[in-house]
Amino acid sequence: EYPHTWLPILSWLPRYKLKWLQMDLLAGATVGLTAVPQVLAYAEVAGLPLEYGLYSAFMGGFIYTLLGTSKDVTLGPTAIMSLLCFSVVGGQPHRAVLLSLLCGIIQALMALLRLGFLLDFISSPVIKGFTCAAAITIGFGQIKNILGLKDLPPQFFLEVYYTFKKIPEARIGDVILGLICLSLLVMLMLMKKTLDSEAVHSNSTFSRKLVWVVATMRNALVVIAASLVAFSWEAFGHDVFTITGKTVQGLPPFRPPPTWDNTTNGTIVPFGEIVEGFGDGLAVIPLMGLLESIAIAKAFGYQNDYRIDVNQELLAIGVTNIMGSFVSGYPVTGSFGRTAVNSQTGVCTPAGGIVTSESTFNVSLYCWDSLFICSLVISTEVDILPFVVTFLMSFWQVQYGIIGGVAVSGALLLYSTARPKITVSDYGSLVMQFSSGLSFPATAYLSHMVHSNALRASPPRSLVLDCCHISTIDYSVISEFRDMIRQFKRHNVVLIFSNLQPSVLEILLKADLEDMKYTEDVEEALQQLESGNVLDD
């Protein structure tokens, strides 16, 4: 049992079937063709040479096959992680690789210490706010590429200003090719949505299946077609398009990342100074990587009826980033788009990732970027505040957006703990019901509500505390209850506890609260108060 826990491959490999191999090969190849142009584009978002996107992409498939618990997830560069990496290292390759190593170590340690539960403290509105801001930032950042503009400042607001200022300098060829590619991508995406994936895999005609395959591989096909167009014009000596240029061919040497760096004037920057320069990014990037990947794994696990192990997923991502740093990779996480392609193509096991990783060994010359769509559902008015804070602050610095959103969410959580919802009803005697548990931050508010509604009334009134939603209490709450009992006795009125959970009742009895009165339900307590026959149970 223990080896299966740490090496999930041992649970499915002995049962591997030949028909699974066919689907894994098809899915892996499809995702690989999709991944190559994407990772090149994401390297550009990270401000790194394009080959670093390829270096970062191929390790995830091998590692995740051994350690992952989701059959669908593919690890590699993503838009959000690339944007975060750029904000922390500013496009410096050596530091990006070192950042991958440190992030991987942090993530792996979290897995070994079983700290996956910490991710539950980052709320959904924070993630949505950051995602929407990242989509706008990255999406607008690609406008300069469509216009063929160069040397724009990386800061968002300055980039917006200079993009509009330099529109007269736009290259017509780049604009035309970019809009055609974008139109084709949207058209193929809409075509795919009209196809029923189940019908494609069963009784569809050959033409329908072919259309589905083309629409699924639209990313790779469009970039290949655009590359051929650009190559043709370049071969005939026509400088019509702004081309990316050549990437470094071959695999990088397998070696640990450098723990020092050089400045432009040749000064050596030591390890401690580099880490200090990472700042809060060293906390934000590992957490965002874990959140993005685990959210994707959970979503597809629910869709395809299997469960994942959160801590094992942390280990898989951590080891991937550690090993990726040895081949010059920057931090990676789960990719929603590529995972969706993997799932829709019918992947059966994590082995499909091996084929995907093999595909990224190929080097492409030209790249494009995805069309990002931000969908948002805010469930309550309270969720709006962390979303807005995260969204707005992310345009300043993306890591500040996450930190600000988490801080606001934490403050709201603490406020709800210190100010639980208390409903007061009048049935001749007062009934006070708590909508959630009680803990020490709520004692002052509890005292205020009891005194203002019962003890300070003229004349003072008896009170029934409906404790049906209270499952745990602490020493501060017990002390407050003891003081309340004395206060009610002093005012010659009655305090009755009702609907006590067995665990709470046991704690209160052990605390030996003097003159404590309690009943099984509120109706019984009201009857006792009405009859004047209040008994000590």
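Numbers run from 1 along the shown chain.
Here the Cβ of each residue, glycine as well, is placed from N, Cα and C on the backbone.
Segment annotation: TrEMBL labels transmembrane segment over residues 398-415 (candidates 380-397, 398-415).
Of the listed segments 73-90, 289-306, TrEMBL assigns transmembrane segment to 73-90.
Taken through DSSP, the domain 'STAS' (428-537) splits into 52 helix, 16 strand, 42 coil. Counting Cβ pairs closer than 8 Å to the transmembrane segment (398-415), the top stretch among 50-67, 73-90, 97-119, 172-190, 210-231 is 73-90. Three or more CB pairs closer than 8 A are found between the transmembrane segment (73-90) and the transmembrane segment (20-43), so contact between the two stretches is assigned (pairs 6 or more residues apart).
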